[in-house]
Structures are given as structure tokens and as C-alpha cells.
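Here the structure comes first, spelled out in C-alpha cells, and everything after it is commentary.
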Amino acid sequence: MSKQPEQWASKLGFILAAAGSAIGLGAIWKLPFTAGENGGGAFFLVFVLMLLFLGLPLLLAEFTIGRKTQREAISAYRTLAPDSNWHWIGKLGVGAAFLLLSFYSVVGGWIVIYLVQAISGQFVGLDSEGFENMFAQVTQNGWLVLTAHFVFMIMTILVVQGGIQKGIERSTRWMMPTLFVLFIIIVIRSVTLDGAMEGIAFFFYPDFSNLDGQTILYALGQAFFSLSLGISVMVTYSSYLKKEEDLPRSAISIVSLTLFISILAGLAIFPAVFSLGFEPTEGPPLIFIVLPAVFSEMVFGQLFFTLFIILLLFATLTSAFSLLEIVVASVTKNNPEKRKKVAWICGLLIFTLGIPSALSEGILPTLPVIGMTFFGASDFLVSNILLPVGALLIAIFTPLKIKKDDLFTEIQHGSSFKRRTFEIWYFLLKYIVPVAILLAFLNAIGII
Ligand code: PFF
């Protein structure tokens with residue numbers, strides 16, 4: 001029998017935890033290099049449009065499903081559409097979270113390694129080739145990456161096993177504000193470097209000649225990834241909300257914070273990259289090779305780099321909490337007594353699934369036929385297929401299976417959402433979101 005479900009202690013606690021889930025490697029690591037490889041400003045602009053017109057409506061839909069049912073991802077859909085197959089949206093989400101965390105934690109592990117190396121002064125005196133070798137040495141050292149991946153996973157488990165208030169809320173309440181402060185310090189340093197303007201221009205100037213269907217699908221995937229959408233993590237987090245919380249306002253806060261951090265990430269990285277003569281198209285290692293090199297040429301660079309790594313670790317951990325949480329909540333069915341054991345078992349299984357990803361960036365060969373590494377293929381599957389498909393299903397499910405008036409009543413609880421704004425949201429969710437996702441898919445596979 002399930003016990004009384006847990007709840008957030010405060011509204012701020014929920015916002016910080018949800019923003020913590022959203023803000024992570026997506027905004028700070030993936031967005032800069034994806035924008036860098038896809039023309040900079042134009043990509044960023046499409047990303048922002050996707051965030052506002054597709055991400056925000058979907059986020060509110062996930063919040064509404066979660067709070068209305070007060071159930072974790074799978075049971076939420078079962079409650080709203082009993083005796084149907086719709087609960088597969090939840091199952092798809094849990095599966096995607098499992099896979100996503102398995103390689104997310106690998107990058108978390110690299111961050112742990114970089115933190116230890118930064119603190120112990122191992123970056124001192126290296127030139128850019130030195131940093132490139134350093135990254136290769138890290139990723140090719142199987143035991144090191146596996147140990148770090150394990151350490152990151154243990155940190156995540158230790159928090160999630162503590163529960164909503166005593167685990168996730170307690171940690172995100174100090175990690176997120178620290179992250180914001182550190183970020184601002186780094187951005188001030190970066191934009192005041194000589195030659196920073198070129199990087200700022202690259203990030204903001206939209207060169208549309210680089211946009212094609214593939215890029216638009218990437219921007220869409222990036223927007224969903226950045227807001228943790230499509231895999232029902234936000235359904236799970238909002239199921240712990242009290243009825244009197246304001247859902248639209250919370251959704252707006254989270255989108256704004258994510259956008260703010262995405263801009264800060266671009267402003268931290270591109271000016272520094274250009275100022276020191278690097279290429280913005282470095283790909284995934286951008287922040288692991290280029291940034292340390294950039295920081296090493298600055299006054300107090302070691303200190304700034306260490307601060308940057310700490311903020312990246314916090315951002316990554318707070319996202320990892322939400323990924324493990326959705327898995328744990330769906331297995332325990334909100335029974336707090338089972339949480340500890342399930343958190344350890346699921347966490348260790350996810351660690352195991354991450355082993356090929358951890359080894360695939362330096363040791364294992366790329367996969368035959370698809371020509372990607374295991375890590376790259378997992379990321380592609382999650383970001384460009386599972387998340388958009390999940391988002392599409394949620395956008396179809398919500399207006400189909402919840403009566404329009406019931407949706408309005410639920411959203412209005414604790415909010416002064418006007419009927420007219422509600423109609424706009426409903427229209428975006430019911431028509432624009434599914435059509436945009438379908439068009440992006442069709443375009444990316446070359447049909448239109
Ligand atoms: N939003 C996280 C990031 O941008 O790094 C990644 C993520 C977390 C995606 C949780 C999906 C999710 F459910």
C-alpha cells in the first residue's frame with residue numbers, strides 16, 4: 001500500500017529543485033558547443049523561440065499533470081487515462097531517464113576529475129596542447145573515468161535516498177544560489193577580456209545561412225533537454241507540490257532562469273574562446289580543453305577555473321538528482337519506506353549501464369553502422385528521439401485526456417491565470433507544439 005506522498009517544504013524549494021533539474025550540462029556544456037558548431041547566434045535564436053513557444057507550454061502541461069494527480073510519472077498517466085496504453089508515456093520517460101543518467105554521470109565524473117586536478121594545481125603551466133593531452137589522458141584512462149563516474153553516481157544516490165525535503169530540496173537550496181553567484185563572477189571576468197566583443201558577436205549575431213532542418217531539430221531537442229521536458233521528470237517534481245502553488249508563475253520562473261543561465265554560459269565561454277584565438281567549433285571538449293587553456297592565460301586563472309568547475313558540478317548534480325528521482329519514484333510508487341533501497345539499486349544499475357559510455361570516449365571503438373560512440377549514440381537517442389517523441393505524446397495526451405475545464409481549474413488553483421491566457425496556452429499545446437515537433441522530424445529525415 002502506498003503511504004502519504006512526500007511534499008516540497010516550500011515554493012522556493014520546488015523552484016530551485018526544478019530549475020536545478022533544468023539547468024545543467026544542457027545549458028552550460030551542450031548549448032555552447034552545439035551553437036558553436038551550428039553557426040552561433042542563429043542557432044541560439046531558434047533555441048530561444050523553441051524554449052518560449054514550445055518549452056514553456058509543455059512545462060506547464062507537465063506541471064499540471066503532476067500536481068493534478070499527485071502521482072509519479074507512470075501512475076500519473078494511469079490515473080488520468082485508466083485502462084489504456086497512455087501510461088507508456090511515463091514508462092518511456094523512466095527508460096529515457098535511466099539511459100540519460102547513465103551517460104550524464106560519465107560527464108559528471110569528468111567534472112569530478114577536473115575538480116581534483118584543478119585543486120591540486122595540475123593545470124598550472126600547461127599550454128593548449130597540454131590541455132588537449134590532458135583531456136585525452138583522462139578519457140583514455142579507463143579506471144579513472146569509471147571511478148569518477150562511480151563517485152558521481154554515489155553523490156547522486158546519497159542525496160536522492162534522503163527524500164524530497166531532506167535530500168533533494170536541502171541540497172538544491174544552497175547549490176543553486178551558489179551556482180548563480182559563481183556564474184556571474186565568471187561572466188564578468190570573461191566579458192572584460194581584451195577582444196571579448198568578437199565572441200559576444202558570434203553568440204548573438206544570427207547568421208541564418210547555417211540553419212537547416214537538422215539544425216532546427218537540434219535546437220528543438222536542445223530546448224527540451226534544457227528544460228528537462230518530454231520524460232516526465234517535471235510531472236514527478238510537481239506531484240510533490242501543494243495545491244496552492246502557482247503553476248504558471250513557477251513555469252515562467254524556470255524558463256527564465258534556464259534562459260538566463262544559457263545566456264550567461266554563452267557569455268562566459270565565447271568571449272574567452274575568441275579572445276584567446278580558439279575555434280568555437282571545438283565540439284564536446286570545448287569546456288574541457290578550451291576553457292582550462294583560456295583560464296590559464298588569465299590572472300588568477302586557476303581560481304576562476306576551479307570556481308567554474310564547482311559551478312558545473314553543482315549544475316550537473318542537481319540535474320542528476322531529478323533523473324534518479326523519477327526512476328526511484330516510479331519504482332517505489334511514492335512509498336517513502338522503499339526509497340533508500342531502491343535509490344541504491346537503481347543508482348548502481350544506472351552506473352553499470354553507463355560503463356560502455358564511460359569507456360567509449362577514449363577506449364572502445366565507435367559503433368559499426370551508425371559510426372558513433374556508445375556515448376554519442378545514447379545522447380542522440382535521448383536528445384533527438386526520446387525527448388521530442390515524449391514531448392509530442394504529452395502534448396497530444398493533455399488536451400485529449402483531460403477535459404478543458406478541468407485543466408483550467410487545475411491551473412487556476414493558486415494562480416490568477418486568466419481565461420484568455422489559458423486559451424493561448426491551450427492552443428499552443430494542442431496545435432503548435434505537436435505540429436512543430438512533427439515538422440522538425442520530417443525535415444530532419446529529409447521528407448520535407
Ligand atoms: N536539463 C538537464 C540539462 O540541461 O543538463 C538535463 C536533463 C535533466 C534532461 C533531466 C532531462 C531530464 F529529465
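The count begins at 1 with the first shown residue.
Glycine is no exception: its Cβ is also placed from the backbone N, Cα and C atoms.
According to TrEMBL, the protein has these features:
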type	residues	note
TRANSMEM	12-29	transmembrane segment
TRANSMEM	41-61	transmembrane segment
TRANSMEM	96-120	transmembrane segment
TRANSMEM	140-160	transmembrane segment
TRANSMEM	180-204	transmembrane segment
TRANSMEM	216-240	transmembrane segment
TRANSMEM	252-278	transmembrane segment
TRANSMEM	298-321	transmembrane segment
TRANSMEM	342-360	transmembrane segment
TRANSMEM	380-402	transmembrane segment
TRANSMEM	423-445	transmembrane segment
Range from 180-204, 216-240, 298-321 with the greatest count of C-beta pairs under 8 A to the transmembrane segment (423-445): 216-240
Stretch-level contact, the transmembrane segment (96-120) and the transmembrane segment (342-360), CB cutoff 8 A, at least 3 pairs: yes
Candidates 12-29, 140-160, 180-204, 252-278, 380-402; stretch with most C-beta pairs under 8 Å toward the transmembrane segment (298-321): 12-29
Candidate ranges 12-29, 41-61, 140-160 - greatest C-beta contact count to the transmembrane segment (216-240) (under 8 angstroms): 41-61
The transmembrane segment (41-61) versus listed stretches 140-160, 180-204, 252-278, 380-402: most Cβ pairs under 8 Å: 252-278
Contact set, same chain, for the transmembrane segment (252-278): CB under 8 Å, 6 or more residues outside the stretch: 15, 18-19, 22-23, 27-28, 31-32, 35-36, 40, 44, 47-48, 51-52, 55-56, 59, 128, 180, 183-184, 186-187, 190-191, 193-200, 202-203, 226-227, 286-287, 290-291, 293-295, 297, 308, 315
Distant-in-sequence neighbours of the transmembrane segment (380-402), which means Cβ under 8 A and at least six residues beyond its ends: 54, 57-58, 61-62, 64-65, 68, 77, 80-81, 86, 89, 92-93, 95-96, 99-100, 217-218, 220-222, 224-225, 229-232, 372, 410, 426, 429-430, 433-434, 437-438, 440-441, 444
